[in-house]
Amino acid sequence: MANSANTNTVPKLYRSVIEDVINDVRDIFLDDGVDEQVLMELKTLWENKLMQSRAVDGFHSEEQQLLLQVQQQHQPQQQQHHHHHHQHQQAQPQQTVPQQAQTQQVLIPASQQATAPQVIVPDSKLLQHMNASSITSAAATAATLALPAGVTPVQQLLTNSGQLLQVVRAANGAQYILQPQQSVVLQQQVIPQMQPGGVQAPVIQQVLAPLPGGISPQTGVIIQPQQILFTGNKTQVIPTTVAAPAPAQAPMPAAGQQQPQAQPAQQQAPLVLQVDGTGDTSSEEDEDEEEDYDDDEEEDKEKDGAEDGQVEEEPLNSEDDVSDEEGQELFDTENVVVCQYDKIHRSKNKWKFHLKDGIMNLNGRDYIFSKAIGDAEW
């Protein structure tokens, strides 16, 4: 392809385009309250993007060229300094070898194995403040705690997680095993109160226990303070529950029974007979008007349908239109030329183009031309 393109003018063209755009939008930006520094940053970003694309050679300002020259001069000096520093690092290990031979060995005695901590509970009230994570909730695992002698043989305790535990004396008589019982929803405080006669009645405040099996789920349960009686070696727990009856539902009327009417039926107005002539013809006129209105609606629908049919018809020369998909396929190529044309000649499958005032991107480089002539076959 013969053309009069000049690569030296490409950077000037791009720079003139950037300056024209920045100058044209400066007044608009100032009217909108945008600082002029934003325009300078936009211009710098535009130039950097153009240089990174490497589509234009020589697109550097005088200041940028000076910076590139200074950087090129500093690179040999940095390489020499790095080489000298690398030789100095290689000489250091030879000097430090004798010092490493004089190092002394220090023996560190092995630490004793840490013994497992023992949990000592001085009072039964402190069991309420224990962390629930330290007690295993599995049914097959029992937590063994060493309790003082002041704790009663059988006692129920509540943890922070709402779990009910029971203290049972083991066979050896030296340990107490906490067995998990049924969990409760809410627990507050267990205040043991001693009553005369050796009876200990812990008062459970705001404790919601699971429902007993004999009470239906629809019936409310009110939990009362439990009493634990000690008679020799036997223990008896007497729970006192009061079942709150469910609210009675209103009886539904039978299916065959009709409800009495709340209001008496309104009396119909008496009929007045017309004896002075024939009946009125207003109803016939109304029917005629309705028929005319229906006819008008049908005519309007037919007209609308005809118009819709015309719109659905394919317009003339529709095959000549270029769809969007074809437009995208045309630009899916590496080499692109945007220009105007003077003449195009065709002979069978050979084409000859006379182009002018264009810019093209070939093999990643941009070129501009005023006139160009090209041949093609397809």
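Quick reminder: no glycine exception, Cβ is built from N, Cα and C everywhere.
Annotated features, as they stand in Swiss-Prot:
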type: BINDING; residues: HIS345, ARG346; note: DNA binding site
type: COMPBIAS; residues: 69-79; note: compositional bias 'Low complexity'
type: COMPBIAS; residues: 89-106; note: compositional bias 'Low complexity'
type: COMPBIAS; residues: 247-281; note: compositional bias 'Low complexity'
type: COMPBIAS; residues: 282-331; note: compositional bias 'Acidic residues'
type: MOD_RES; residues: ALA2; note: N-acetylalanine
type: MOD_RES; residues: SER282; note: phosphoserine
type: MOD_RES; residues: SER283; note: phosphoserine
type: MOD_RES; residues: SER318; note: phosphoserine
type: MOD_RES; residues: SER323; note: phosphoserine
type: REGION; residues: 69-108; note: region 'Disordered'
type: REGION; residues: 247-331; note: region 'Disordered'
*Over all shown protein chains, what is the count of other CB atoms within 10 A of the CB belonging to ARG346 (DNA binding site)?*
9
*asked:* Under DSSP, is ARG346 (DNA binding site) part of a helix or a strand, or is it coil?
replied: strand
*By a simple count, how many Cβ atoms lie within 10 Å of the Cβ of HIS345 (DNA binding site), its own Cβ left out?*
10
